[in-house]
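Notes follow the structure.
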Amino acid sequence: MYLQRRNRILRQSPAIRSLVAETILTPNDFIVPLFIDEGTNIKLEIPSMPGYYRQSLDNTVKEVKELWSMGLKSVLLFIKCKDELKDNRGTEALNPQGLMQRSIRAIKDACPEMLVMTDVALDPFSSYGHDGIVEGTEIVNDATVEVLANMSASHAQAGADFVAPSDMMDGRISAIRSALEENGFTKTGIMSYSAKYASCFYGPFRDALDSAPGFGDKKTYQMDYANRTEAIKETLMDVQEGADIVMVKPALAYLDIIREVKNSVDIPVSAYNISGEYAMIKAAAKMGWLNEEKAILETLTSIKRAGADLIATYFAKDAVRLIS
Ligand code: PBG
């Protein structure tokens, strides 16, 4: 044969492949989700997330120091609220001495440079396990947004660097931005879960925090997975309302959305490699059906290639070990 172009030239050795690789993972890509519980010296493995734990604050602080030493620079905090503190309005979420607020302070004290991002949503605090206030069978929007804005100011007050609203109520980004401005928190960022889909892949996370909805589902606020244009609408509105970073969630079944969002906005895009995506790889690896390490790197690289500037992932520590 006489070929003008031989594409395999650029694939023939590890050296040339790494020279021309278009997508390189680094520790700077990752946000580490942490599940925090009351008590001391607690480290509980989440059954549907083998190798991932819910930990008391003392252990969480140790973990954060370790993450920092590995080059990981941001954590995303979720807390497990005690059942007796849950109510319909998520009152405990505003408690200045609540577990979230104490966690933010303890982590910033122990590791001041670590970027602390906080989940802003009612579900861990809601007696109904919903992301908003329930009236009858409805999740009411505007009253919920007021709580979310106050919750954000409370997290900022405790020292959070970013608040991350994950609820999908309408108008919450502008309300949160106003609450931050009114209270003088001009350095606090907003990472908005802009295109968050109603997904079955959140199951293991809801086990971790005991936050599954008590009735119905989340389809009146989270997006329909059939939709693409709607993700752009949601995201552009959040940018307009003052988001600093937008997010697509889940990641793996939504790589097309990540790319389209990336092409549509002028701010960083994050993607959440969620609990069900973690569980799938863990389960297949346990059965001996997949090579776990290769699956982790291929998955995370694909999410970055799709357009994610940041990836929230339970595989962050594994990934850092694998790429260093
Ligand atoms: C709730 C919230 C969820 C996740 C992050 N924040 C679950 C839900 O919406 O029901 C899921 C994260 C994961 O599955 O890893 N506000």
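Any Cβ shown, glycine's included, is placed from N, Cα and C.
Taken straight from TrEMBL:
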- Lys196: active site, schiff-base intermediate with substrate (ACT_SITE)
- Lys249: active site, schiff-base intermediate with substrate (ACT_SITE)
- Glu234: Mg(2+) binding site (BINDING)
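Between the C-alpha atoms of Lys196 (active site, schiff-base intermediate with substrate) and Lys249 (active site, schiff-base intermediate with substrate), the distance comes to 5 Å. Across the structure, Glu234 (Mg(2+) binding site) and Lys249 (active site, schiff-base intermediate with substrate) are spaced 13 Å apart at their Cα atoms. When secondary structure is read from DSSP and collapsed to three states, Glu234 (Mg(2+) binding site) falls in the helix class.
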